[in-house]
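Q: Once you've had a glance at the structure underneath, I'll fire off some questions.
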């Protein structure tokens with residue numbers, strides 16, 4: 001099958017198509033992980049994006065449902081140097097997702113690093129793609145909106161409340177689902193925290209009706225500036241019970257506290273991002289997947305920076321300056337402590353969330 005990747009600047013990259021025979025548009029990004037293609041493809045945060053893998057060989061260890069981070073592939077397309085094994089090809093076909101292999105992924109990655117993330121089109125076809133078709137495809141890419149103009153969260157958030165019960169429940173949280181990864185839910189449930197997953201646009205009254213011990217705002221795709229409903233809910237929740245966040249949830253909390261976010265040139269996507277804990281000086285290798293960040297020049301009033309990225313000094317965590325009253329506790333991280341894929345250096349943060357919930361539960365009982 002023929003494959004073609006068309007970039008907004010008119011660049012045409014031809015290769016071998018695999019997966020579904022179709023055509024998709026999206027923001028072209030790169031991921032530096034050496035493993036974890038199943039988790040990456042099924043991560044809801046990749047909605048609206050075509051993912052290029054910098055590691056050259058993909059598909060060599062198959063596909064298993066237990067590795068899924070959602071109910072199916074959420075990335076729009078997949079770009080690899082070499083694809084091996086039928087399972088990856090069949091996996092993409094099952095979810096009607098195109099892939100292209102046999103292309104210079106180093107060239108693509110350098111281009112993204114130099115120019116920034118790029119609007120692109122990926123087309124696969126059993127018939128050769130003509131020069132006349134190329135012209136039409138370039139036109140489609142140029143007319144495609146920037147990802148910040150697309151409201152992606154409604155496409156990946158749960159439509160109804162879902163409960164994940166811990167066998168030995170120690171605490172309970174409401175998870176505001178902006179496109180949560182299953183690994184996040186698993187990390188909480190394994191630690192004795194029951195999780196009530198609610199839609200991104202749930203209101204304060206509904207959330208409090210579940211009597212949670214804390215709230216977690218999840219990861220997800222797109223620009224946090226599009227999340228006005230969720231931001232308002234988080235504003236109203238702060239001061240009522242502890243609030244935490246991961247990735248997009250971190251950005252939403254930043255805005256809710258009065259801070260600002262901005263779009264990164266090419267984002268952080270991979271399993272090898274070094275993050276420094278400012279207070280302790282410890283460094284953790286983290287898994288990341290984001291294209292927006294907290295503006296360190298507009299730190300929310302009454303808050304402080306918690307973690308920083310050692311590669312580019314961007315903000316990786318903030319917290320509201322601590323109060324003796326647990327209901328005022330607010331903290332969030334930009335990276336993914338659950339990994340999936342990636343190192344587990346930061347999974348202790350789920351222990352801290354659960355401990356926070358247990359303490360607040362006890363405080364409420366007194």
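Each position is counted from 1, following the chain as shown.
Glycine too: its Cβ is placed from the backbone N, Cα and C atoms.
Annotations for this protein, taken from Swiss-Prot, read as follows:
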- 1-168: region 'CPSase' (REGION)
- 45, 220, 222, 248, 251, 289, 291, 292: L-glutamine binding site (BINDING)
- 172-363: domain 'Glutamine amidotransferase type-1' (DOMAIN)
- 247: active site, nucleophile (ACT_SITE)
- 336: active site (ACT_SITE)
- 338: active site (ACT_SITE)
Q: Have a look around residue 292 (L-glutamine binding site) and count the other CB atoms within 10 A of its CB, chains all included.
A: 22
Q: Distance between residue 220 (L-glutamine binding site) and residue 247 (active site, nucleophile) at the Cα atoms, whole Å?
A: 7
Q: Give the helix, strand or coil assignment DSSP yields for residue 45 (L-glutamine binding site).
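A: The residue in question, residue 45 (L-glutamine binding site), is helix (DSSP, three-state).
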Q: Excluding 45, 220, 222, 248, 251, 289, 291, 292, please set out which residues of the same chain place their CB within 8 Å of the center of the CB atoms of the L-glutamine site, keeping sequence order.
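A: Nearby residues not in the site list: 219, 221, 223, 224, 247, 290.
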Q: Quick one: Cα separation, residue 247 (active site, nucleophile) versus residue 336 (active site), in Å?
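A: Between the alpha carbons of residue 247 (active site, nucleophile) and residue 336 (active site) there are 7 Å.
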Q: Is residue 222 (L-glutamine binding site) helix, strand or coil when read with DSSP?
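A: SS state of residue 222 (L-glutamine binding site) = coil.
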Q: According to DSSP, collapsed to three classes, what secondary structure does residue 336 (active site) have?
A: strand
Q: Please work out the number of neighbouring Cβ atoms within 10 Å of the Cβ of residue 45 (L-glutamine binding site), leaving out its own Cβ.
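A: For residue 45 (L-glutamine binding site), the count of other Cβ atoms within 10 Å is 29.
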Q: Determine the most Cβ-crowded residue among the binding-site residues 220, 222, 291, using a 10 Å radius around each Cβ and all protein chains in the structure.
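A: In terms of Cβ crowding, the pick is 220.
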